[in-house]
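S.K.: One structure follows; several queries about it will come next.
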């Protein structure tokens, strides 16, 4: 198992890599759309976010330590209660009568050994229990140390699981053990290793009848179980920190994306307004009438269209298009609506006058909406000119009577008509 500092450093590196990757992708997206950097469009927000992440990671380290300390304090509270109760029991059982010269057949020793063996079995969360005393030369030695099933296989096997003989010197120097000999409960902060394996220990003083420290009652916890508990708390803490990071990062990216969309919309709207302004200026100087319409309703017109139909702009706007078309050309209107081509049809003015017009329709985007833009040109004069030219071509200038060209044309049409009729009769006879 890695140390908590190394684990948290790896955790920080993972978060920083996530931020670097996502920020890079976001920056590319923004540069593609706006030719700007992420920092340029959200400078203050990005700065605040980076400061928040820095504080979150610093605070997260403290929070993870806090959770580990809380779990360790749970062990301490239980250990203090457990050791105090049994240290008091041992005092009443005359533990002070035992020393390194006591025989293992001593009644007091046997009685205490049996009691401690029973306590050990009744509390499987504790790996082992024992008592220690100090010799005259200052060495710590075991007094009562029952056999312990360290590998939890349900039986006592192996040398280290056997009962520790009374008087066996314990050579390990443990500050918390020395503190207990001074009359204070103490528990190790980290697991330690000795000849019996790795464990984490707690110690409580055993007093004699005069209130002086006579011995120390010690308990050991399985180091692997303790580490697993601490690791679980550490992972929980880092998980909560990561969740806070994830929520805050998603919120930050969402705000940046909304800001990006607003900037893009504002830019698009400005470009659209410039385009529409340019279109209006061009339409106002145009000699042709221009009508913008959608779903059969007029949306906007230029001055030329107002002059052409005899309406004001306010009267034309929201007017149905069909009211501007002569009844004879309504069918042509339905046909032309689906085509982007030039057509001729008859239109109707405000006073009811009908005039021939040439129209050209195109589809454009107007305020984010697809609309039709129709250019209208009055061709009354052109029609009159065409009729005049037709008249001149087929009539005599002096008499006004049809000339030979007209007679030849009429004669040709009649001959063709007669031939057609004759062909039809012959076909009918053959069929009969």
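Along the chain as shown, the residues are counted starting at 1.
Cβ atoms here come from the backbone N, Cα and C positions, even for glycine.
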S.K.: Which of these ranges is annotated transmembrane segment in TrEMBL: 45-64, 65-84?
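M.R.: The range carrying the transmembrane segment annotation in TrEMBL is 45-64.
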S.K.: Between the candidate ranges 189-212, 213-236, 237-260, where does TrEMBL place the transmembrane segment annotation?
M.R.: 237-260
S.K.: Taking a Cβ cut-off under 8 Å, which residues six or more beyond the ends of the transmembrane segment (6-24) line up next to it in the same chain?
M.R.: 38, 53, 57, 60-61, 64, 234, 238, 241-242, 245, 249, 253
